Amino acid sequence: MANKEYPLAKFRNIGIMAHIDAGKTTATERILFYTGKTHKIGETHEGGATMDWMEQEQERGITITSAATTCFWKDHQVNIIDTPGHVDFTVEVERSLRVLDGAVTILDAKSGVEPQTETVWRQADNYKVPRMVFINKMDKLGADFLMSVGTLRERLHANAVPLQLPIGAEDSFSGIIDLVKNDAVIYKDDLGTVMDETEIPEDMKEIAEEYRTMLLEAVAEVDEDIMMKYLEGEEISVEEIKTALRHGVIANKIVPVLCGSAYKNKGVQLLLDAIVEFMPSPLDIEDVKGTEPTTGEEMTRPADAKAPLAALAFKIATDPFIGKLAFTRIYSGTMKSGTYVFNSNKGKRERIGRLVKMHANHREEVDELKAGELGAIVGLKDTTTGDTLCDDANPIILENMEFPEPVIDVSIEPKTKAGQEKMGIALAKLAEEDPTFRTYTNQETGQTIIAGMGELHLEIIVDRLIREFKVECNVGQPQVAYKETVRKHVKAEGKFVRQSGGRGQYGHCWIEMMPTEGEYEFDNAIVGGAIPKEYIPAIDNGIQEASQSGIIAGYPVINFKVKLVDGSYHDVDSSEMAFKIAGSMAFKNAMSKADAVLLEPSMKVEVVVPEEYMGDVIGDINSRRGRIEGMTPRAGAEVIRAFVPLSEMFGYATTLRSKTQGRGNYVMQFDHYEEVPKSIQDKVIGERK
């Protein structure tokens with residue numbers, strides 16, 4: 001089966017994404033079971049799920065890295081990426097979405113849309129990924145299908161169109177109404193393989209009729225022929241509905257909603273049918289866009305195995321047996337093992353050792369990967385996440401991925417002197433795999449610092465150091481990644497002159513510095529050759545290097561723009577080095593006049609608490625300098641939304657547990673940087689000295 005060639009139209013590259021614990025990995029496990037990839041179903045709470053292949057994942061029961069796997073259903077090849085739902089690992093989601101053609105979002109039927117669902121949805125909007133929704137855990141206490149559909153419309157502004165309705169809920173969830181075919185499926189056994197297709201039960205005919213009308217209206221909106229038939233009261237066939245739905249989904253105009261219980265094996269085969277019927281193939285999406293490396297001219301590549309090669313390395317992983325694996329999506333052309341490809345981002349040729357298709361962590365070697373396929377490459381030396389691999393006669397650079405900056409850091413040291421080098425190598429490998437993880441040395445203290453997206457993120461990094469790389473280490477207290485910025489528009493000079501026998505040094509520039517929205521902008525406004533062109537990049541470099549350490553407390557400076565307005569040079573003594581130093585001097589002089597302030601990460605926090613504890617929890621958030629944004633009731637609990645400075649959130653989980661007797665839970669994610677109050681700023685400066 002696996003060796004059969006499938007035409008591109010029968011490919012589906014999809015991601016499965018959700019909030020933590022919505023049942024995403026369980027759903028993927030069931031898909032693999034039904035498509036014949038696994039013979040025994042793995043359970044995440046038993047620590048045996050096939051897709052969760054790192055030891056930490058099996059222990060914690062959560063998915064950290066996005067495993068990629070290929071399976072087959074109804075004569076289609078489905079490539080699935082299971083992405084993590086925990087906010088600290090959004091980088092994995094971002095990477096996966098960049099290379100997928102469609103996504104299935106899984107919701108928990110008792111909670112509907114949750115904070116991480118919103119984050120993932122926004123990321124998918126960014127890449128215009130067509131989506132469908134599977135409302136899972138219909139068998140659980142408090143399951144509410146229509147409430148969940150409502151949250152899709154209210155919180156995500158999605159045009160959510162149910163294609164199914166559940167028959168019963170909680171313990172009595174026994175089947176699914178198919179609104180497209182206008183019939184019902186009743187489940188007879190626990191494996192979900194024995195099911196009866198029957199008529200819609202009497203007591204549900206009215207609601208089914210109402211929702212089928214809504215479905216027809218939704219497809220009529222995207223298909224004029226159906227609109228005419230609908231208005232004239234003509235019968236619309238199942239095939240016509242399916243075709244229109246497919247077009248609506250691919251155009252991002254309709255989000256179909258299905259339901260089921262992956263754990264109880266209900267609704268999974270219908271979900272697979274819907275993936276095949278409504279999700280796009282590589283041929284249905286726009287040709288991939290990129291730029292010509294030398295001219296910067298925009299170009300596109302078609303999804304065609306005969307076209308020149310264009311592929312994107314979207315993830316680097318280290319495999320204990322074969323070393324570095326580069327997970328890659330082939331957009332056009334064909335990649336063959338043993339051949340050379342051109343890495344257009346690095347400007348280097350790379351040799352492809354072997355090509356493998358992945359099934360979670362089992363590998364199947366192949367001779368080639370064609371347009372539309374996902375696979376992993378063994379043997380690349382210089383390729384990192386986001387690099388384009390192409391044909392050196394037809395170079396192209398595909399749009400890269402943008403990753404958020406880390407917001408939390410901790411100091412780390414090996415327990416033994418001998419472990420220092422080993423730790424350095426291990427940290428470099430981990431940083432190569434994960435663009436949101438950074439490691440650097442604090443120049444003042446000489447300590448090694450690791451920085452990431454949250455406490456869990458860094459915990460798992462430390463865990464991997466111990467397990468995979470056998471490095472025992474001590475970890476300091478988490479520190480907030482503060483930044484600095486400027487509030488005034490100022491002009492400043494930087495002049496570096498040195499005469500000490502032999503050739504001197506001369507660099508001189510005038511800059512204007514001002515606040516801006518972006519991280520950093522450099523604008524060369526020199527006219528009349530006051531500074532020769534070849535020295536301009538050196539000034540820019542000098543400013544960027546100096547901005548890594550601000551004047552308030554030595555934190556990186558962001559949200560500022562520099563305009564280079566004037567300067568002078570010396571025919572003999574001027575050099576790149578002299579202008580680089582002049583640039584950094586001008587930056588420091590400008591900072592001292594520009595009313596610099598300290599910024600701190602502000603986190604978007606969502607706390608779910610039983611009503612009786614609400615007063616206590618809100619009081620506690622206020623005492624942490626939090627700003628309450630709103631509250632929403634949800635099935636016997638309240639959802640409190642607030643912005644709270646990260647520095648006030650350390651150890652919050654313990655406080656919340658004691659204030660709610662273990663019944664409250666929360667999620668938080670980085671939202672923006674904001675100014676630190678004067679009293680806190682003085683405290684931070686005091687601690688840095």
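Even glycines carry a Cβ here, placed using N, Cα and C.
According to Swiss-Prot, the protein has these features:
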type    : residues              : note
DOMAIN  : 9-283                 : domain 'tr-type G'
BINDING : 18-25, 82-86, 136-139 : GTP binding site
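Counting every protein chain shown, the number of other Cβ atoms lying within 10 Å of the Cβ of MET138 (GTP binding site) is 27. Across the domain 'tr-type G' (9-283), the model assigns an average pLDDT of 79. The secondary structure of MET138 (GTP binding site), as reduced to three states from DSSP, is coil rather than helix or strand.
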